[in-house]
Every structure is written in structure tokens, then in C-alpha cells.
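Participant: Next up is a structure, given as C-alpha cells.
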Amino acid sequence: SDLKQMLFCFVAYFCDRDLALLDLINFFIHCSGCKGTVRIEMFRNMQNAEIIRKMTEEFDEDSGDYPLTMAGPQWKKFRYNFCEFIMVLVRQCQYSIIYDEYMMDTVISLLTGLSDSQVRAFRHTSTLAAMKLMTALVNVALNLSINQDNTQRQYEAERNKVAGKRANEKLELLLEKRKELQENQDEIENMMNSIFKGIFVHRYRDAIAEIRAICIEEIGVWMKLYSDAFLNDSYLKYVGWTLHDRQGEVRLKCLKALQTLYTNRELYPKLELFTNRFKDRIVSMTLDKEYDVAVEAIRLVTLILHGSEDALSNEDCENVYHLVYSAHRPVAVAAGEFLHRKLFSRHDPQAEEALAKRRGRNSPNGNLIRMLVLFFLESELHEHAAYLVDSLWDSSQDLLKDWDCMVELLLEDPLQGEEVLGDRHESALIELMVCTIRQAAEAHPPVGRGTGKRVLTAKEKKTQIDDKNRLTEHLIVALPMLLSKYQTDAEKVANLLQVPQYFDLEVYSSGRMEKHLDALLKQIRVVVDKHTEMEVLEACSKTYSILCSEEYTIMNRVDIARSQLIDELMDRFAHSVEDLLQEGDEADDDDIYNVLSTLKKLTAFHNAHDLTKWDLFKNCYRLLKMGIEQGSMPEQIAVQALQCSHYSILWQLVKITEGCQSKVQLRVVKSFLAVCQQCLSNVNTPVKEQAFMLLCDLLMIFSHQLVTGGRDALQPLVFNPDSTLQNELLNFVLDHVFIDQDDENQSMEGDEEDEANKIEALHKRRNLLAAFSKLIIYDIVDMPAAADIFKQYMKYYNDYGDIIKETLSKARQMDKIQCAKTLILSLHWLWILNLLQRSSLMLQIFNLDGIEFAFKVPNPKGPEYPPPNLAFLEVLCEFSSKLLRQDKKTVHSYLEKFMTEYMMERREDVWLPLIAYRNSLLTGGDDDRLSVTTGASSTSKASTVRSKRGRPPQHKRRPEGRIKPLMFHARAVEGSWVMRNDTLQTPGALHTPQLTSTALRENPRQAADHIPDQGSSEPGSEPDYMHNPQMQMSWLDQQKMEEVNRKERGGMNYMKSRSGGVRQRGLMEDDAEPIFEDVMMSSRGQLEDMNEEFEDTMVIDLPASRNRRERAKLRPDFFDSTAIMEDDAVSAPLRY
């Protein structure tokens, strides 16, 4: 109403149209954010270009914001009111004022000038106003066309009357009215042509994406409102060309504009040529990098399919099919709608009505379910049934919830002439059925789809309850029969045993279906007897756990069946263990199998059930001790015994925390931890990894945090690892985590699943590192142990960078000072390693200082005992082999000054560091030709050759450059700054280093010009520091100088290549800027069908190539971009 009141005030136009138009002009100027005002003298005496230039000078561009770009609800409302004002203005003036050849001419002329301005605010605001003005004029033109048709019909009806009844005056009035309407129509068309050619043609390819989006959005409205005038190739081509726009916002507007057209089935014949021309582009946009664009592209392809089955080829459909497995749910759901439309929608109403009366496998869904299974099996790239079901859930619920039909297809024999389901088809159908049951019972997408569980509405909650009751009614009877039929198939049974967790278990008692419960328990027991696969056994254990819930009345019945099963397994296990222990090394395969199969079943049940009253820990501990003492225990038995013992200890701990009496003692925990510690040296990798993971878990559980939360009574159970155990855990991580993946998978070469095995091995190593990192974070292992972990950050960044970074972050939160010391310790040894590998003099000095440090402090017990720091000689052993022959003699002479005759005669273990170090100085030397000048070893070339010929030996598992675990060094230098907490203050805030972008790479031709001039360097500058031999050069500075030298050599090689005949194009040379930017997630070769090019200064441009058509004198191609080019239609340079 306020807008109408404003417009009625504008009717003052009849009194003084100049003043009224001046208000309208200032309205557009001010809506652009300009503070200037057009005065009446300017309006009457100046041209539009001069007025716009004057307003540009008064425009405040400091902020860059203007009303259309500002955020907030008030500015959003402003945009809506601005557009509504223009629509209402034309609607109120459509009968008289717009035809006076003054107001509309002035407004269109002003908007055309503003739309060509270099000021973005003017261009954006005027384009929006012009497009909305065009939409309003299209409405007026549509009304005129309707009135013309009505007048023409009235005229024809009156003229066809007999002469006596014909009214000549009425015919004359109708002729005059038709003539007036035609004149008005012509006038409106002239206005629309002016706006389209003067504004749209230039602004639909504007440099600003918002402006291009406005143009495409409005042309879609014109085609929908007035399809007779605008829905033709001359206008559709602009939408087709803009499908290749670089900005997702513009591509999205194109797709939505086309959706409104393809929704109307009557318009499809007019879109046939456009569909054939741009179909490939639309299909390729289903893989767009912008998810919103991809979703709308899939919906548009679905509309095209709905309009014509033949419009899309099989290849086009297959490009959309696989998107049902996308992790992005809106994309997958849109692809599911397409799949439903293509494969599962019925088009024969009579056949559908006849099949609707049938039930089960003969129902309309029978063949559709077979088709769904076939589609799932033929999806070679994906095996995620849950994702497929979720994609089809919104569009095919009637099909996916037909559990009666699915059960009949699995249980009943096929009818005559019906194809039998194969084993793969049955497995796929069972998997799909279980996924549909889960989706119906939980009412949320599977893991990986969506951000989390959302709150269900009342309607959704009711649907969930109804679905759960219906699936329980169908499957509570059928499940035992299905288990009976497939009891020997592990994969099928494992899937079917997931079904009871989605039942409404109260139905067993309320519906008097206890006999079906007994049948289910009987079949589960049969499955447990027949299978030893952990997946099946864990499914059985979980099913028993669900059925034994105390909230259900069937608990007692299920508990009795479970106890009988466990009693039988325990009796069998006890006898088989006794037989195995008695026979020892003479045990045969049957004895080992009996123990292993029974132990697997008990371990699976002990995971979910409290079996402490059967005392499984005793026999498992006996098996482990025998394996340690005799070393002949099969690795699978050892792994299962470790896991089962772990569960036993945890269940006893649960009883204590709940206030129950239990016999778990710290002695039991320590004995099991000792067994795990001994298993770390087992020859079998699975046993070592299992023991390591259990050690880490138990150290976390029985740490000092066990007594938090008022559990002081558990203080006797707290266990703190000693330094030996910490060292062994750290050594295990360094030996089994920080290794080259190629070394570990060397035996897998030639295997088709090599990549999958590598990924699985990496995942296992990440779990090992994460388990040890938790011990550091929770202050169970001393923080200096993390130094050996932190120093691997750069080398193994891709594999473990996130874990190490998170560990460092948590350690810093726990103790900033100790974390800083640990980091410095890690960096210190890395620096020493790199420095000593480069300088023979520094290497010699390091050995001499190390010898002095090792013998500096005598043992207070007497000279017959080794010095406390003698162990540091083990560190020196890592570097003594790199010494020159003459340097070894010097170092050995220096060592003998500190040694006594008593030391030389000692051979005990405590003197081993001295013996090893002395031997390393006396042996070798033939191949040690270390250059004193360069510090480079002549063996480096040989080692390079060896590395190219073959892989490194597998026994060398520790990372290159590793000395020893730094925990050992920390103890060796006890009392040094690393262990002092009172002398170090927390540093203040550091200055943020200046960052240098690496996005633009330097041209090799200019590399030599950027090398600093040594002669002109200032004292203290970086070149002076790098080239002045009197200044000490750190390792980082050496790296920097080598990088400069490499650039210099690269520049010289480039100049040589330029002088050698044919010029070779270097990889670092700047290529011409690509005309197109690929907006696809797939390869860049998808845009084969483009014959429109882009100018360098425009995002979307049209080529001026008329010569081919003019020479051939062919019929004009309405999709040729030259059809809209004018000689004088050159846009002014645009300012962003």
C-alpha cells in the first residue's frame, strides 16, 4: 500500500512531468548509493552521459559497498521493495503514461547509460532496474496480446453474423480498438528491444557474476511468461552459452531458469533443438564442483527424461546413475529420483491396475526388486548398499518397504518360467533388505551422509513407529526360516543377524510369539556351532546382548539359552586347553583348531557379555605363559588369548566401579601387563601389535585418572609404567610405525589388491601411533618421549601429520614449558644429525666432546664401576663410522687418555658402550674417503647407485638419521636443562613471521637476475652472511645458499636450451591465460562442443566470426553467437 501511495503521488507527472521524472531519476541515483543529486537545470540542459559523469565524480567509493550488496534483513527488504516499485510503476502506468514517448524513453535512456558505467554500483543497480522493467513490460505485452486475441474473436464473430443482425458501429469500434492495441503492442516491443539490445546483450556477459545472474534469471522469467515471443532459439542461446560460466551462481540461475521451462510439458517441442544442442553440457554439469549446481543439473536431466525418453542416451543415464553413491546427500537423492524415474516408474496404467491386486513376489514390486538387485550388482565401482537405499528412500519408499515381497523372493521356490535368484543375487537382496530395515527403524541417513541425527517431526516420528511395527510383524516369523536356509553362508547370516536389533521386542510377549523367539535362539546356537568367522560370532553376541536387555520380559528366557551355550563352550574350551598343554610341542592341528575355534567364540561373547564367573582369564593366561616359555604358540591363539584376557580384566573392573565385590587385584593386572610386554618381542607381527594396543589401553585405564571422580577406593589398582616399559613402547612405535610403506609392502608387488593392502597397513600404523600418543597426552608416558615422535613430523607428514600435530597441541595445553623443552630436544638432535653429516671437522669435535662428557663424572661407587654417562658412547657409535681414517686415529688416541687398564679388560654388559665404541674406531677405514674441503663422502655415489638398483634391506627398519630414543638421552643427561623446571620462563609473544606466497612461480629466464650481487651486498645483509667466510653459517643458511645455486644453474641451462636451434618451451614459462576455466570435478575434456570463445577482459564473450556463414550463404544458426553482435556494441572498460 505504501508503494501504491508513492506511485499515486507520482501521478503528479500530469502536472509537471519534468519534476516527476527528476524525482524518479534521483531515486535510481540514490538507490545506487550515490550521494549526489540531479538538479532541474542539469536535467534540462545536460545529456545523460554528462549527468552520469557528474554523478560519478560525486560517488563515494571509499567503502565499496552499496545498498544491493549490503547484508542484513533491512537491505534484503530494500532489494525486494526496489524491484516491487518498478513492477507496480509500470502496472499503474500501463494504460496511458508509458505510451507518451517521454517517460519510458527517458528512463530507458538513463538506465542504459548507467548500465554502461565503470562504477559497479551504477551498473549493478541499473541492470537490476532494467531487467525488472523489462519483466513488467513483458506482462504488459502479454496482456495486450490477450486483448488483441479477444478483440479479434469478437470482430470475427460480429462480422460472421447475418446482415440484419450485424452492428456496423460495433465493427468499427472493434477495428479501432484492434488498431490501438496493435500500436501499443508495437510501442511495447520497441521498448523491450531497446532494453534487450542496449542492456541485456552487454550485461549478461558482465565481469560481475551478480549482474550476469540477474540477466539470466530474468530471461527465464520472460520465456515462461510469454513463451510465444521469447521461447525460441534467438533467446535460448544466451542461456545455453551461459551454462559455461565460471561462477557457480550464474550456472545455477541458468539451470533453474531451464527447469521452469521443462516443467511445462507443452513447451517441450519448442525446446527440442536446444536440448539436442546443449544436452551434453547439461549432463556433464551433474559432476559440477559446486554441489548446488550439480543437484539442479540432475533435476533438470530428470525433467528432460520425463519429457522424452529418447532424449537421453544410455551413456547419459549411466553418468547420472553412479551419483546415487555420492557422499553428498542432496546430490545422491537427486540421482535417486532420476534412477527411480528411469527404472522403477510404471507407464502402463492397465498393467499396473492388474498387478496391484497381487501380493508378494507376484506384486508389481517383484520385478522392480529384481531390477534393483541387478543394478546394485552391476555398480562395479561401489558396494555401499546403505548409500543406494538412502538415495532412493525419498522417491521409492513403497518399493523399499515391501519386505513381504523380499522375503518371498528369498524363501519360496521360483514360479514356472521365473528366473532363479543366484547366490550373488540372494546376498545382494539380503544386504539391501537389511539396509531398508535400518533406514526405516532409525529414520536417519547412514554414516557419511549428513552432519548428524536431526530431531524428527511428529509426523516423521509416527511414520518411524509404524514402520518399526510393520517390519517386526513381517520378519519376526520369517527370520528363523531365513537363518535356517542360509545357516552355512557366513555373509548372509552376518547380515540377517543384524535384523533383531531393529525389532520392537515387546511383540514377542504381547503378541504371544514366544515360539518364534525359541526358534530364533535355536538357529543362533546352530550358527555359533557352525561358524568361526569373527564377523558372524560378533553378530551372534550382539543379538544375544540385545535380547537380554532388562527392559524386556523375554530376558529370562534368553539368559537361560545364553548360559547353556556358554557352559557348553567353556567345557569344550577347558578340555581342549588341557590337551594342548599336555601335548605341548607334539600337539596336532586338531588340538590347535579345537582351542582356537572355541576361544574365538568365547572372545566374541566376552566382548558384549560378562563371563567373569566362568574365569576365562586363568586358562588364557596359561596359554600365554606356555607360548612365552616354549615359543611355539600359534599366533592366532596368542592374539585371541590376549584379547580375551583383556576383556576379563575390564569386566572385573566394571564390577568394582559398580560397587560389586571382585577379585581383580593389581597383581593380576601387573602379571598380564608383563605378559604383554614380553609379547612385544614376539616373532609374529600380529601378536606384537595386539600386545602393544592392549598395553596402551590398559595403561590408560589403570592410570592416575582411575581415581578421579570420587573413586579413591581404586587407588590400589593405579599402575604407572616404569622407564623400561616406556622405552619398549617407544621403540615399538619407531620400529613399526615410522617405516617406508614400500619396504613393508615389498612382498605385495603384483597383487591386484596392493593399494587396498597399503591403505589397510597405513590405517593400522596410524592406530598404533594414536594409541601411544594418548599416553603422552594424558601424562602416562614422560613427555620427552615425544621428541622422537615430533622429529618425524616433516618426513611422515602425509601419513601421520594430523596425529603428530594434535599430540603437540594437547601436550602444549598440558605443560607449555615441558613441551617447549621437548621440541627443542627434538630439533637439537635433528640439527646435530644434519650438521655432522656435512662436516668432518664438526664430526671429530663432536666425538672428542662426547668422550669427555662420557668420562667427565666418575662413578661415586669407585673406579671399578662405569661412569654414569658412559652410555653416551652408544650415541657416538652412530657417527664414528663417518670419520676419516686419520680422524679415527686421533679420536682413538684421545679415548685412550681416559681409559684405564682395568676398563680395557672389562667385558661385562655395563661396559658394552665402551667396547662397541672402541671397536668402531679400530675397524673400517678403507672406504672412508671423506673430503675435507667439501665434506662429501665418495661412498655417496655408490649408495645412490645402490638405491636405484634395488630396495633397501628390510632389516633396517628404523628411520634414517635416528640415533636412539631420546628418552635414553634424557636420562643420560639427568640434571641438565631438559629436566629442570625452575630455570626456564615461558617466552613472551613471538612476532609473526612474514609469509611469502608461492602461488606465482618465477620465470627461469629471470632466475639469474634475482641472485643477489655479492659485491654490492651491505654489511649484515643476507648475501653478506651467506658469502662471508668469517661468519658462522648454520645448516638452514646452507640450504638457502644451495637453493640459490640451483636457481642459477637452472637459469644457465635454460639459456643454453634457448641457443640450441629449436626453442623448447620450459615448464616454468608463462602460458597464455586459458580462455576457459573447467568447472567440472571430472577431466577438462568434457567441453568438446563449445564453439563460443571468451575474451580476456570478459567472463563470457561472443566471437565475431561471420565470414564462414556469409561465404557459404547458409541458413543462420540461431545458436551462433555472432547473431547478436553489433559493430558498435562494444562495452566500455569495466571497473570492479
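Each residue, glycine too, has its Cβ placed from N, Cα and C.
Because TrEMBL annotations are produced automatically, they should be read as predictions rather than curated entries.
On a predicted model such as this, the values are computed, not experimentally measured, just so you know.
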Participant: Which one of 164-194, 722-752, 1063-1093 shows up in TrEMBL as coiled coil?
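Facilitator: Result: 164-194 is the stretch TrEMBL calls coiled coil.
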Participant: List, by number or range, the same-chain residues at least 6 past the coiled coil (164-194) whose CB is under 8 A from its CB atoms?
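Facilitator: The answer is 98-99, 101, 104, 108, 112, 134, 137-138, 140-141, 144-145, 147-148, 151-152, 154-155, 158.
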Participant: Per DSSP, what is the residue tally for the domain 'SCD' (200-285) in helix, strand and coil?
Facilitator: 71 helix, 0 strand, 15 coil
Participant: Please average pLDDT over the domain 'SCD' (200-285) for the predicted structure.
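Facilitator: The predicted confidence over the domain 'SCD' (200-285), as a mean pLDDT, is 93.
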